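Residues or ranges marked as Zn(2+) binding site by TrEMBL: 101, 104. Feature annotation from TrEMBL assigns Fe cation binding site to 116.
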């Protein structure tokens with residue numbers, strides 16, 4: 001069953017690349033697969049050092065170029081706050097709401113479907129097409145100890 005699911009997922013990712021007028025490459029498929037299966041947003045370094053990519057021996061430049069192309073094609077979403085590393089996610093797989101710790105720069109996603117629906121309603125009401133909500137805190141559980 002796992003092999004069938006992997007094949008089905010790969011075929012779907014190939015279709016998405018072709019619909020975005022991008023050539024299907026192993027690098028693009030691997031990066032998309034890593035982000036599609038991720039439980040959270042990932043940095044380029046986390047993608048590069050992912051177990052799925054270690055075998056492929058890619059460079060930072062190769063991963064960054066692939067991420068840039070996939071974001072431009074609308075398949076991935078990039079989020080960057082100030083001078084922090086950019087975070088990447090599969091389009092539609094992550095929330096646009098985050099809590100940012102000013103002390104340690106930790107960025108946590110807020111997963112609240114009811115709140116997300118309310119914000120989407122406000123966005124439509126005010127004629128916007130997208131949003132990013134960042135709530136700043138002076139400290140968080142990670143740095144308070």
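Every residue gets a Cβ built from N, Cα and C, even glycine.
This view paints the features noted in TrEMBL onto the structure.
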{"residue": "101", "record": "Zn(2+) binding site", "Cβ neighbours (10 Å)": "18"}
{"residue": "104", "record": "Zn(2+) binding site", "Cβ neighbours (10 Å)": "12"}
{"residue": "116", "record": "Fe cation binding site", "Cβ neighbours (10 Å)": "16"}
- prompt: How long is the line from the C-alpha of residue 116 (Fe cation binding site) to the C-alpha of residue 104 (Zn(2+) binding site), rounded to the nearest angstrom?
  reply: 26
- prompt: Helix, strand or coil at residue 104 (Zn(2+) binding site), per DSSP?
  reply: coil
